[in-house]
Amino acid sequence: MKEKIHPNYQEVEVKCVCGNTFKTGSTKKEIKVEICSNCHPFYTGAQRQIEVGGRAEKFRKKYGLK
């Protein structure tokens, strides 16, 4: 490898909008994220359950058919 051509890899702090912070390695000076594992619905269990029917189900519901 050539010397002095590679970016400096350092430990940085990742900051989420929810206030959670953690450390990781990066070539950037700081990292800001909008969502992390602390506030993501998949990890928190606060997922919304959506019942989605197909087009046929929508038609049946609209016209009162079985």
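Each residue, glycine too, has its Cβ placed from N, Cα and C.
According to Swiss-Prot, the protein carries these features:
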BINDING   C16, C18, C36, C39  Zn(2+) binding site
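The Cβ of C18 has fewer other Cβ atoms within 10 Å than any other of the binding-site residues C16, C18, C36. Around the Cβ of C39 (Zn(2+) binding site), 16 further Cβ atoms fall within 10 Å across all displayed protein chains.
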